[in-house]
């Protein structure tokens with residue numbers, strides 16, 4: 001009997017992997033795969049230009065991460081750059097590849113320990129929903145504001161700053177970006193209502209049938225994929241000579257040499273500011289958002305924390321960019337149609353192919369990609385994440401959420417916003433407890 005049970009285990013696992021990677025809708029999943037590129041491309045491009053990040057190695061490793069996480073979770077779980085570490089590298093001339101990788105390894109190690117010991121799951125259960133929503137709203141609005149900046153201003157990603165207003169006309173002009181934004185709104189509308197049912201009955205059934213048919217046709221148009229392909233075409237048109245500069249073949253993958261100084265600087269300047277963001281946005285917010293978007297597919301904070309830890313403990317030794325999951329990427333991929341692990345798996349395969357065929361020379365093409373179009377994709381990813389906060393019902397919950405959001409945005413720190421939200425939540429709880437006790441004392445005295 002035991003041998004029979006063991007023989008039945010592999011098919012069960014194979015069936016689960018097949019189910020997790022199966023496309024719900026071919027065009028919708030391909031479209032959803034583009035939903036995270038508004039975050040991914042600018043940061044990777046900035047690190048490649050400013051710090052000579054090995055783009056080929058990063059594409060190969062992040063491609064593998066996409067495929068593995070898609071197979072494990074069965075949802076479009078994103079793989080994003082660690083933003084605080086990237087910001088430290090871009091702004092600090094002494095924070096180079098060894099320091100970046102040391103920061104990624106240290107962050108991954110801490111997250112792995114928190115996940116393996118069960119502490120991350122404990123934190124997830126204790127944090128109030130209103131505080132989580134505040135972090136999500138802050139991240140969503142931050143994405144949206146960055147997106148508007150990409151659309152309005154010309155960007156120098158190597159220095160992480162704007163260098164002037166964008167022209168109205170041109171292959172990366174305001175008119176093009178606004179047209180693409182309107183195209184997405186026309187095709188996707190405000191997004192799918194997750195609680196939408198078919199109980200609403202319309203008297204004119206023929207009219208209702210036509211309306212549903214039009215909606216199905218509109219939903220089948222891969223808006224984000226069309227915009228991304230348009231951006232690639234425009235990149236070649238903007239600089240036709242780019243074809244001559246491309247060198248085919250993968251980049252060499254070498255072990256990064258890290259000194260004691262690199263470990264110290266990486267931990268102090270990279271890991272310490274990154275950890276609160278990774279814990280709150282890459283684990284806590286991702287777990288909550290996945291349960292909101294995909295009912296019945298709730299993931300433990302333990303498993304998400306462990307996968308983020310393992311990604312960095314493996315790839316950073318070879319020069320791959322420090323990575324994490326992110327609520328914004330998950331919301332963006334969901335917004336454009338991603339519903340299964342196959343969405344990110346196909347993105348991962350595309351990354352691996354590009355990394356093996358083009359390697360670091362891909363940066364030549366990315367430098368010509370219209371930044372305004374990346375801003376459009378990032379804008380809708382941010383809005384989708386921010387809209388998850390509309391389930392706050394009581395005034396107290398909304399109050400805590402907005403305090404957390406405001407402090408996170410103004411202080412540019414999710415950790416400070418989180419602590420402020422927790423403090424306000426506890427103060428309100430103490431106030432309610434005091435009021436309840438005083439009411440009960442009055443009732444006792446009033447009793448004859």
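In case you wondered, yes, glycine gets a Cβ from its N, Cα and C as well.
Bear in mind that TrEMBL entries carry predicted annotations, made automatically and left uncurated.
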59-79, 248-268, 269-289 - the range that TrEMBL marks as transmembrane segment: 59-79
Cβ-based contact of the transmembrane segment (371-387) with the transmembrane segment (168-187), 3 or more pairs under 8 Å: yes
Cβ contacts under 8 Å made by the transmembrane segment (217-237) with residues that lie 6+ beyond its boundaries: 25, 27-28, 30-35, 37, 171-172, 180, 183-184, 186-189, 243, 336-337, 365-366, 368-370, 373-374, 376-377
Outside the transmembrane segment (399-428), six or more residues from its ends: residues with CB under 8 Å to it: 127-128, 130-131, 133-135, 137-139, 141-142, 273, 276-277, 280-281, 389, 392
Outside the transmembrane segment (343-365), six or more residues from its ends: residues with CB under 8 Å to it: 21, 23, 29-30, 32-33, 36, 45, 48-49, 54-60, 62-67, 69-71, 76-79, 232, 235-236, 242, 245-251, 333, 337
